[in-house]
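S.K.: TrEMBL feature annotations, pasted as is:
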- 3-174: domain 'Josephin' (DOMAIN)
- Cys16: active site (ACT_SITE)
- His117: active site (ACT_SITE)
- Asp137: active site (ACT_SITE)
Amino acid sequence: MQKPQFKHQTQQFRRCGLHAVNNLLQVEKYTWLDFQNIAEEIQKETNLSHHTFFIGNYDFNVLERVLYKESLEIVWIKQNQKIDENLIADPQVFGFVVSMTKQLSIFERFCQWDPRHWISIRKIVKPDGDFQFYYHDSQLKSPQIKETPDMIQQLIELQKQKNENNFILLVKKI
């Protein structure tokens with residue numbers, strides 16, 4: 001049996017939010033211009049910036065609006081919430097988006113950019129009913145394929161880090 005080929009966008013500028021969404025959807029559906037337009041639309045509504053022009057650096061509000069268009073509901077995972085097989089076994093669970101804190105370069109600190117980096121995790125149900133996860137970090141050359149115990153362990157480790165990683169569970173809207 002041949003392994004499925006997964007699309008994987010790699011990092012360009014600070015557009016990890018864009019890449020996380022396209023990697024999650026497995027379609028190059030959105031462009032940086034789409035995200036720029038959405039960020040500017042939100043800026044008109046809120047009078048606050050939600051991106052860095054051309055560069056990216058999209059905040060949660062931009063991703064939320066795009067994911068909503070894709071009929072994905074956002075469920076926050078609390079810092080003390082238990083991550084286990086029961087959480088991910090729900091048939092409505094589509095995957096995860098994680099906002100991770102990263103080390104900033106001197107240039108990034110000078111520009112006062114947000115130290116956040118978006119990754120996505122896509123849940124796949126195999127023919128035997130078991131799960132497989134495609135961990136997409138646009139700073140890596142390809143996705144990491146993980147089985148359920150390994151994915152749960154990695155999520156628990158990320159959750160334990162004191163740098164306040166934020167986990168978002170994505171659930172298909174009914």
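Indices start at 1 and increase along the chain as displayed.
Heads up, the Cβ atoms here are built off N, Cα and C, so glycines get one too.
Automatic, uncurated: that is what TrEMBL annotation is.
Worth saying up front: this structure is predicted, and the values here are computed from it rather than measured.
Looking at the shown structure, can you explain where the listed features end up?
M.R.: Taking the Cβ of Cys16 (active site) as reference, residues of its chain lying under 8 Å away and at least six apart in sequence are, in sequence order, Gly56, His117, Trp118, Ile119, Ser138, Gln139.
When other Cβ atoms within 10 Å of the Cβ of Asp137 (active site) are tallied across all protein chains shown, the result is 23.
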S.K.: Across all chains shown, how many C-beta atoms besides its own are within 10 angstroms of the C-beta of His117 (active site)?
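M.R.: Here the count is 20.
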